[in-house]
Amino acid sequence: MTNMRKSHPLIKIINHSFIDLPAPSNISAWWNFGSLLGVCLTLQIITGLFLAMHYTADTTTAFSSVTHICRDVNYGWLIRYTXANGASMFFILLYFHIGRGIYYGSYTFMETWNIGVLLLLLVMATAFMGYVLPWGQMSFWGATVITNLLSAIPYIGFTLVEWIWGGFSVDKATLTRFFALHFILPFIITATAAIHLLFLHETGSNNPSGLNSDSDKIPFHPYYTIKDILGLLIMLMVLLTLILFSPDLLGDPDNYTPANPLNTPPHIKPEWYFLFAYAILRSIPNKLGGVLALAFSIVILALFPALHMSKQRSMSFRPMSQCLLWALVANLIILTWIGGQPVEHPFIMIGQLASISYFCIILILMPTTSLMENKMLKW
C-alpha cells in the first residue's frame, strides 16, 4: 500500500512542496525568508480578521473603534499591535528576501522574480490602505497626499483621483473602500504567493554558488523544516519584543490624534518602509517627474534580469559587484532617513544625490562592473 502522503490528491501537493521537495544541500539562512514571509502573511490574515470583527469603517467611529479594540476587547491591544508591527516585520523580511535574490542572482528565474515584484506591489498597496484605517491625522493626510499623486497623470489624473476618493475629498466613501480592499488583498497575495511558489518549484531553488545543484539535492524535510523553525523562532522573538516592549516605536505619534481635514500636520510622512520611495518622490521638483521616479524606483526590480551582464549568476565570487550591492543598501538606508526629515537644507541636497546614485548604481554601475569582471576573468 502506498503512503497516503504520496497518494492522496491534496496531501500529495503539500508533500511535493514541503516534505519530499529536493532542495540544494548548501542553501544558507538567506533562504529562510520565503517561509518566514508565509508565516507573517498568515499571522496578518488571522489578526486582521479578528480586528475586522470589531472595527467600523466609518469616519465618525473608526478612530473610536480602534480605541475600543485596544481598551475593551480581550487582548485587543495585542491583536492590534501584532497587525501593525507584523506589517513592519513583513517589510523587513521582504527587503531581506529581495536583497538575497539580487545578491545570488535568483532573478534569472524570470517568472518567479516577476511574480515576486507583483507581490511587492500588492503588499505595498495593502500596507498603505491599512495605514489609513485607524483614521488618525497621519492616516487621513497620508491618504490625501499619496492618492493626490495620481492627479499628475495627464488628462485623466483629476478624474481618477476623484474616482478613487468616491467624492471630492478623502471621506467616508474612501475609508469604506480602503477597508474592503485592505480585507481582500491579503487573500489575493496568498494566491499570488502560491503561484510564486509554483514557478519556483518548476526550476528548483537557486543556491549560494549560483551553480546547478541537480547532482546534490537533499529532502526539504527534516533538514530545511528544522532550519526554517529556527528562523521562525528568531523572527517571533524579535516581533514579540517589538510588540510587548515598544509597540509604537515604528508608528507616528500624529496618528493618535483623530483625523482633522482642517489641520495639516507639520510633517506628512508615510510608514518607515515607504520612506526610501517617498524620498525619491520628494527629491524631484516636478510633480509628474516625482511620481514617475517613485513608480520606477520599485518597478526597476523587474529590469534586473535584463541588466544582468555577468557570466556568473551569483555575486559570491564577484567582490566588486558585492561592494556595489552594499553601496546600494547604504544608499537605501540614507534615502529612508531622508524620507523622514523635513524638506529643508541640507536634506534636500542629500536626498537628490541619494536618488541619483540609487538609479546610477542599478542602471549603470552594476552592469558595467559585471562586464569589467568578465573581462578580468577573460570570459
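Residue positions begin at 1 at the first shown residue.
Each residue, glycine too, has its Cβ placed from N, Cα and C.
Remember, predicted model here, so these are calculated numbers, not experimental data.
Database features (Swiss-Prot):
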BINDING   UNK83, HIS182  heme b b562 binding site
BINDING   HIS97, HIS196  heme b b566 binding site
BINDING   HIS201  ubiquinone binding site
TRANSMEM  33-53  transmembrane segment
TRANSMEM  77-98  transmembrane segment
TRANSMEM  113-133  transmembrane segment
TRANSMEM  178-198  transmembrane segment
TRANSMEM  226-246  transmembrane segment
TRANSMEM  288-308  transmembrane segment
TRANSMEM  320-340  transmembrane segment
TRANSMEM  347-367  transmembrane segment
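Of UNK83, HIS97, HIS182, all annotated as binding-site residues, the residue with the shortest Cα distance to the residue listed as 'ubiquinone binding site' is HIS97.
Put simply, HIS182 (heme b b562 binding site) is 21 Å from HIS196 (heme b b566 binding site) when counted between their Cα atoms. Within its own chain, the transmembrane segment (347-367) is flanked in space by residues 279-280, 282-284, 293, 296-297, 300, 303-304, 307-309, 321, 324-325, 327-328, 331-332, 334-335, 338-339, 341, which lie at least six positions past its ends and keep a Cβ under 8 Å from the stretch. Under a cutoff of 8 A between CB atoms, and with a sequence separation of 6+ in the same chain, the neighbours of UNK83 (heme b b562 binding site) are GLN44, THR47, GLY48, LEU51, GLY130.
The stretch from 77-98, 113-133, 226-246, 288-308, 320-340 that makes the most Cβ contacts under 8 Å with the transmembrane segment (33-53) is 77-98.
The Cβ of HIS182 (heme b b562 binding site) has 21 neighbouring Cβ atoms from other residues within 10 Å, across all protein chains displayed. Cβ atoms under 8 Å from those of the transmembrane segment (288-308) belong to residues 98, 102, 105, 107-108, 110, 113-114, 117, 120-121, 124, 149-150, 152-154, 276-278, 280-282, 355, 358-359, 362-363, 366-367, 370 of the same chain, restricted to positions at least 6 beyond its ends. Within the same chain, residues at least 6 positions away in sequence whose Cβ sits under 8 Å from that of HIS97 (heme b b566 binding site) are PHE33, GLY34, LEU37. When other Cβ atoms within 10 Å of the Cβ of the residue listed as 'ubiquinone binding site' are tallied across all protein chains shown, the result is 14. Within 10 Å of the C-beta atom of HIS196 (heme b b566 binding site) sit 21 other C-beta atoms, taking all shown protein chains into account.
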